[in-house]
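Annotated features in Swiss-Prot:
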- ARG201: active site (ACT_SITE)
- ARG52, ASN62, ARG111, SER120, SER122, GLN143: substrate binding site (BINDING)
- MET1: N-acetylmethionine (MOD_RES)
- ARG37: omega-N-methylarginine (MOD_RES)
- ARG52: omega-N-methylarginine (MOD_RES)
- 1-42: region 'Disordered' (REGION)
- 200-206: motif 'BC2 motif' (MOTIF)
- 269-276: motif 'BC3 motif' (MOTIF)
Amino acid sequence: MDSVEKGAATSVSNPRGRPSRGRPPKLQRNSRGGQGRGVEKPPHLAALILARGGSKGIPLKNIKHLAGVPLIGWVLRAALDSGAFQSVWVSTDHDEIENVAKQFGAQVHRRSSEVSKDSSTSLDAIIEFLNYHNEVDIVGNIQATSPCLHPTDLQKVAEMIREEGYDSVFSVVRRHQFRWSEIQKGVREVTEPLNLNPAKRPRRQDWDGELYENGSFYFAKRHLIEMGYLQGGKMAYYEMRAEHSVDIDVDIDWPIAEQRVLRYGYFGKEKLKEIKLLVCNIDGCLTNGHIYVSGDQKEIISYDVKDAIGISLLKKSGIEVRLISERACSKQTLSSLKLDCKMEVSVSDKLAVVDEWRKEMGLCWKEVAYLGNEVSDEECLKRVGLSGAPADACSTAQKAVGYICKCNGGRGAIREFAEHICLLMEKVNNSCQK
């Protein structure tokens with residue numbers, strides 16, 4: 001079961017929710033008032049991800065790469081693939097964030113400096129967005145820092161709003177944590193239990209736990225936002241699975257989130273296939289791109305032993321590794337590396353060569369992975385089932401891939417990509433077993 005959406009829906013005459021700090025910008029009311037004339041149009045539900053450039057905890061956190069994907073890309077992929085929204089937007093004040101949002105297929109609202117301050121609230125930015133978009137009746141405010149969000153979560157919440165008549169729905173997670181009052185010197189010198197009786201301390205399996213907001217999303221109708229609330233009216237919570245409830249705030253959260261998203265994240269509509277072949281560009285991936293020439297005019301290259309181990313790791317997993325280059329590399333020099341990989345050099349059309357290898361092995365494109373770093377790799381990167389690029393690859397290559405390594409070419413990028421492939425293949429195998 002993907003999630004639990006039980007819980008009493010609370011109806012209130014005066015909306016109560018999380019008030020904004022300070023006075024939000026005045027909202028221009030929607031002329032439609034949420035109702036159409038004649039034939040009534042379905043309410044316009046817009047996904048809105050707030051992503052300002054001035055994050056204090058982690059600079060440009062919203063587009064920092066998590067498991068090879070810009071952080072904001074994880075929630076954009078889930079929102080777009082859910083099919084639950086009439087439009088998907090990113091509200092930002094930063095050019096780089098705008099470019100990433102557009103690459104993933106989102107529309108961009110350029111937020112003003114007035115709602116981009118450290119003191120600005122989410123509500124301020126949402127109200128400004130609505131001022132420019134009278135067509136929007138419902139806003140699904142999705143947090144960019146929740147990378148394990150899945151389309152099914154968003155589909156079910158959209159149904160709760162549209163079909164079950166809720167005015168607001170927000171995400172929660174169930175936790176089994178005992179809470180104690182804080183000790184304050186001079187005021188309270190001893191602590192007291194807040195949600196348990198220590199004399200009858202329950203076992204985890206005997207206790208339902210408590211519901212906490214996990215911050216993944218807040219859906220609210222326009223009329224609530226007009227009154228300054230994201231939670232109110234007829235409201236309900238949506239309980240997310242614990243493994244999907246990931247929030248990134250500070251640096252220490254990053255490695256934990258990375259491991260979680262690799263195992264529980266959403267990787268797209270198409271099911272991953274088992275990779276059978278990895279093709280790797282030589283110059284700039286296997287090597288760092290530097291070429292040394294000896295006194296007798298012999299070509300000398302260097303590579304990282306970690307990358308050789310990565311290649312060996314893939315071979316042990318049954319994945320063939322082949323090398324390719326558009327340059328007239330010395331096959332003798334490459335053979336001396338003892339990688340035992342088939343290779344083609346002086347290649348003018350890399351896609352044609354990879355296609356020939358694919359057919360020779362009886363594979364579909366989804367069973368091929370490619371690690372590239374140059375413009376000449378672009379077509380291959382776009383065609384294969386799994387694509388990657390070193391951290392120092394050209395911008396054309398980086399825009400075409402699904403995974404960007406932390407390591408540079410010739411400095412561990414192949415090993416990193418190999419580990420990424422193995423993790424995804426573990427995910428594929430687990431899915432098949434289920």
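Cβ atoms here come from the backbone N, Cα and C positions, even for glycine.
Computed from a predicted structure; not experimentally measured.
What Swiss-Prot annotates, mapped onto the structure for a quick look.
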residue: ARG52; record: substrate binding site; contacts (Cβ under 8 Å, 6+ apart): ASN62, SER91, THR92, ASP93, HIS94, ARG111, SER116, SER120, ALA125
residue: SER122; record: substrate binding site; contacts (Cβ under 8 Å, 6+ apart): LEU50, ASN141, TYR218, LEU230
residue: GLN143; record: substrate binding site; contacts (Cβ under 8 Å, 6+ apart): ILE49, LEU50, VAL75, GLY215, SER216, PHE217, ASP247
residue: ARG201; record: active site; contacts (Cβ under 8 Å, 6+ apart): PHE178
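The DSSP secondary structure for SER122 (substrate binding site) is helix. The substrate site in the record is lined by ARG52, ASN62, ARG111, SER120, SER122, GLN143, and its two most distant CA atoms lie 17 Å apart. Those residues of the chain, other than ARG52, ASN62, ARG111, SER120, SER122, GLN143, with a C-beta within 8 angstroms of the mean position of the substrate site C-beta atoms are LEU50, ALA51, SER91, THR92, SER116, ALA125, ALA144. Within 10 Å of the C-beta atom of ARG111 (substrate binding site) sit 22 other C-beta atoms, taking all shown protein chains into account.
As a summary of secondary structure, the motif 'BC2 motif' (200-206) carries 4 helix, 0 strand, 3 coil according to DSSP. Of all the binding-site residues given, namely ASN62, SER120, the one with the smallest number of surrounding CB atoms inside 10 A is SER120. The average pLDDT computed over the motif 'BC3 motif' (269-276) stands at 81.
Sorting each residue of the motif 'BC3 motif' (269-276) by its DSSP state yields 0 helix, 0 strand, 8 coil.
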